[in-house]
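Chemist: Could you have a look at this structure, given as C-alpha cells, before my questions?
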Amino acid sequence: MSLIIRTNGRRALALTGVAAAGLLLAACDGGGDIRAQMGLSRTAPDEFSVVTQAPLVMPPDYSLRPPEPGAPPTQQANPERAASEAVFGASLATGPAAGAPVGTGAGMAPGSLETLFLSRAGAANAEPDIRATLNRESGALVEKSNSFAQAVLGIQTDPTDIVVDAPAEAQRLRQNANQGLPATSGDTPQIKRGEPGLLEGVF
C-alpha cells in the first residue's frame, strides 16, 4: 500500500515538474504576449523608425506640379511685369511685347513705344518755361534764406544804401558855388563798396 502511494507521489511530482517546465518554456517564447495581456510589458520605440521631421503630406490637389530645382517662384510678382503694367497698363503688359526689350517688340515699333511712354508720362502737357520757373523759385528760396540769416545775425547788406563821400561832396559844392551852378548840379560822389574779404561776415 505504501509502495503505491510512493509511486503515485512520484508520478504527481513528475507531472508537476513537466507542467512547470512547460510554463517556463512558454514564458521564454511567448512571455511578451502574456506580459502584454497582463499590462506588465513596456514597449520602447524603435530607434530605426524614429524620424526627426514629420513626413510630408500630399496636398488635396494631386495634379499640382512639383517644384523644379532652380525655377523662379510662382507666388511672387515679377518686377519687370509690374513696372510694365504700371506704365503701359495691364492690357499692353500682357501682350507679346510686354517682356521684350525696347526696340525688339513684336507688336509695336520702337517709335510708337516711346511715344506711348511719353504720352502716359504726360510729356505733351509739360510747361515750356519750366526751367525759368524752377530758376525763379530757386532764387526766391535762396533770397529768403539769406534774408532770414541776415535778420538773425544782424547783417545789413542792403544794396540800396548809399554812402556819400564827404570830402568829394564838399569839393563838388564849392566848385558849383564858384561857377554859379545850383547845389544839385552834378552827381553826388559815393563810396563804392569793394569786394568782401575772405573772413568778412564770419567775425
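Backbone N, Cα and C atoms are what each Cβ position is placed from, and that goes for glycine too.
Taken from TrEMBL, the feature compositional bias 'Polar residues' covers 178-188. Sequence annotations record features per position, and here TrEMBL assigns region 'Disordered' to 60-83, 178-203. If you look up TrEMBL, you'll see 1-26 marked as signal peptide.
Map the listed features onto the structure and describe their local environment.
Modeler: Note on the compositional bias 'Polar residues' (178-188): residues 162, 164, 169, 172 of its chain, located 6 or more positions outside it, place their CB under 8 angstroms from a CB of the stretch.
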Chemist: For the compositional bias 'Polar residues' (178-188), jot down how many residues DSSP puts in helix, in strand and in coil.
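Modeler: Residue counts in helix, strand and coil order: 2 helix, 0 strand, 9 coil.
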